[in-house]
Amino acid sequence: RGAEPGPAAGSQPLPAEGADTKTYLWARYHEMKKLVYDLLPPGVCNLLNPAAIYANNEISLGDVEIYGFDYDYTLAQYSNLLHSMIFNTARDILIEQFKYPEGLGKYDYIPGFAIRGLHYDVQKSLLMKIDAFHYVQLGTAYRGLKPVPDEEVIELYGGTQHIPLYQMSDFYGKGPSLKQFMDIFSLPEMTLLSSVIDYFITHGIEFDQVHLYKDISDAIRDVHVKGVMYKWIEKDLEQYILHGDEIYAVLNRLVNHKKKLFLITNSPFSFVDKGMKHMVGKNWRDLFDMVIVQADKPNFFTDRRKPFRKLDDKGSLQWDKINQLEKGKIYKEGNLFDFLRLTGWRGSKVLYFGDHLYSDLADLMLRHGWRTGAIVPELETEIRIINTEQYMHSLTWQQALTGLLERMQMYQDAESKQVLLEWMKERQEIRSLTKNLFNPQFGSIFRTFHNPTYFSRRLVRYDVNFTFYPRRTPLQHEAPLWMDQLCTGCMKTPFLEEMVHIR
């Protein structure tokens, strides 16, 4: 059709000149609402598989000979209790060592306050979600624990929601004034940052934004670097570590199919050893051709200077010059360039898994040609939300209402304008509702209202000879195809009987 709207099949005709357009607009509204609910019969939701693997590049596992893994939040998944422990310990470091107000001790960790991928503007004390095109998602900017009005956010950035590239980031998301929080360990850091700012604002205390940010970063770093976190986990592996049986099954299957395995982690050997014995068994090292600990990622992937050091079986440092990497030995530090030279493990025959989209994955893919897999535990949670009838109906009706607004906006008499304003208000309410289903403050980690997030942009989808085919993503001018999603394994089966209701 052309730009002029025409009546859909079975719809009411266009109103005549001078007729009651308000009645006509509401008739189209109710007709569309009924159509949306007819299109979504009971049971048509819950089609996406939360356990699916999603690809954005075609990859045949038959071509992969070597599998690499990070340890924390890749092989070892931790319970949420760990976040509270990190928050409480860093908070106490601020009070006891950095001499911050004792009143901060009243703040506890808030599960579900923050999500991964948020940016923090150090100079403005703003924690916010930014989309792939560098726009702040309005309604998701927080100073402390309270939202900042949209008008104020726009004013702070010179009358726009857009943050230019030079302010956004270098390759690792750390621009001159913006820090992006990418790993799962950053959740307690963001919550502590917001809590401290909330305390200072509430009590009318002036603070230097740069010093506050650095103090909190240092306190969180101390929890990791000084080994406090490792001691908690080692004392109670059962309480902190999840999914041990699955890890053993995957690693054992790969070895049985003659695949080579390696581990590169920033964690110390004694900590990794205890965790892997708990999950995999006392002979876990027999599964790996190479184990590298305290690797100092992301510097491991970019810095050529630091040589490998060998550890003995008890974890003590050796002084040998490393001319080869031997199976069964433990190595510390080193760098990727020496790793590639000594192993010859290059290009697309290597598949490396990690949870940090920058330091674990981006360099390896872009600079060295390794295939990479992102471990994103939030994906399963978000798919379960997408599968709910509340989400499916809200989203479908929101899209239909947007279409109505687009087609009916030529009616500009006073009564029609009032109807359109009511629709726009309802659309905004639905957008907020769907956002809040994921996280009341920041929404989904993968998308803003209609764009992918900055985090999602970095996610550029098991017989060991399986080939993953990426799902075809509809462009703005294309219709989404149910069959396309059906055929790429993203949807559960059997569901063909349900699909006949979709027209």
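Glycine is treated like the rest: Cβ placed from N, Cα and C.
TrEMBL annotations: computationally assigned, not manually curated.
Quick look at what TrEMBL lists:
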- D70: active site, nucleophile (ACT_SITE)
- D72: active site, proton donor (ACT_SITE)
- D70, D355: Mg(2+) binding site (BINDING)
- D72: GMP binding site (BINDING)
Integer Cα-Cα distance in angstrom, the residue listed as 'active site, nucleophile' to D355 (Mg(2+) binding site): 8
C-alpha spacing of D72 (active site, proton donor) relative to D355 (Mg(2+) binding site), in angstrom: 8
Packing count at the residue listed as 'active site, proton donor' (other Cβ atoms within 10 Å of its Cβ): 23
Cβ atoms near D355 (Mg(2+) binding site) (within 10 Å, other residues, all chains): 22
